Amino acid sequence: MAQTSAANAGPPYIPNVAGVGGRPTVSQDIPATAIFLLMYLTGAVANMAIFQLNRRKGHKFLISWAMFGFCMARVITCVLRLAWATRPSNPRLALADQIFTNAGIVVVYVVILLLCQRVLRATYPRLGWNRRLNKTLSVLYVILVFALLLVIAFTILSVYTLSTTLRSVAHWMQRGGILYMLIFNVVSVGVLLLSLLLPRAPDSEAFGSGTMRAKVTILEVAVFFGNFIAGFRTATAWAAARPASEPTWYDSKAAFYIIMFGFEIVVVYLFLFTRIDRRFWVPSGSQKPGDYSRPAELDSEGDAEVEKA
């Protein structure tokens, strides 16, 4: 989201405003980034191992695969940041790092809302499976993808032009895309609150393993961290730009590693340690009230498919 300096010989141009985490250095960023790289890589291996073990038992849970993808995207982010630390004047590494930092977290946002939907469908099936509600949420997913593409496209534009007008347009488009990501996360809060505040429906269903209270607690933690990350990103995106030589507290490396990476790691390992692949699994093709409590059907190869979101 940074403006660029005209001091470079040509595009892409090096940002001349402060950004969250600042420009990485060998002494400070390589040790911290290496630790997070190891944690993300471990998360990727664990999620893929769980996915493959479950698949062989006829228990497909594609959210594990999605979390594997997120962790691998973050591994790439960390590798780019390590490379950028050793080549701090390379604008292409800076651009690639910024793109992956913005893009990866969207997977977590989607997973959290999907899990909240499952709880609502189980506790209040008539509302959870309401056609209008499901269509609305489907539209929100599509807009999220569109918002992400806008953020990426205008991030690239912002470092490939010196036009003040184009940079201003790119800046506002990035702000709009990031703001929508926050709104998307707030929807997760609303869906979860409906599950908690509405009276338990007489036709409520149980799904997966463990109690509904445990499922809700897991989601409360995940929703909190997801919204905190999205809120922090939005606040920093909408804050007045500051020169790279005069960063404020939210541009610090501590803020970057604790809020951007640290809170993500909490969600990754929360899902792993609580085994959401067991707690939030639903039968194949679930599309209406009663489907969550019906026996799972196996396909011709003995594999159970996941719910059609």
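Using the three backbone atoms N, Cα and C, a Cβ is placed for every residue, glycine included.
Features reported for this protein in TrEMBL:
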COMPBIAS  298-309  compositional bias 'Acidic residues'
REGION    285-309  region 'Disordered'
TRANSMEM  30-50  transmembrane segment
TRANSMEM  62-84  transmembrane segment
TRANSMEM  99-116  transmembrane segment
TRANSMEM  137-157  transmembrane segment
TRANSMEM  177-198  transmembrane segment
TRANSMEM  218-239  transmembrane segment
TRANSMEM  254-273  transmembrane segment
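Of the recorded ranges 30-50, 62-84, 137-157, 177-198, 254-273, the transmembrane segment (218-239) has the largest number of C-beta contacts under 8 angstroms with 177-198. Between the transmembrane segment (62-84) and the transmembrane segment (254-273), three or more CB pairs separated by 6 or more residues in sequence fall under 8 Å, so the two stretches touch. Through the fold, the transmembrane segment (177-198) approaches residues 1, 102, 106, 109, 112-113, 116-117, 119-120, 123-124, 127, 137, 140, 143-144, 147-148, 150-151, 154, 216, 219-220, 223, 226-227, 230-231, 233-234, 237-238 of its own chain, all at least 6 residues removed from its boundaries and within a Cβ separation under 8 Å. Pairs of Cβ atoms less than 8 Å apart link the transmembrane segment (99-116) most often to 137-157, out of 30-50, 137-157, 254-273. Non-local neighbours of the transmembrane segment (30-50) in the same chain are 24, 61, 64-65, 67-68, 71-72, 74-75, 78-79, 81-82, 85-86, 253, 257, 261, 265, 268-269, 272, 275, 277; each lies 6+ residues outside the stretch with a CB under 8 Å from one of its CB atoms.
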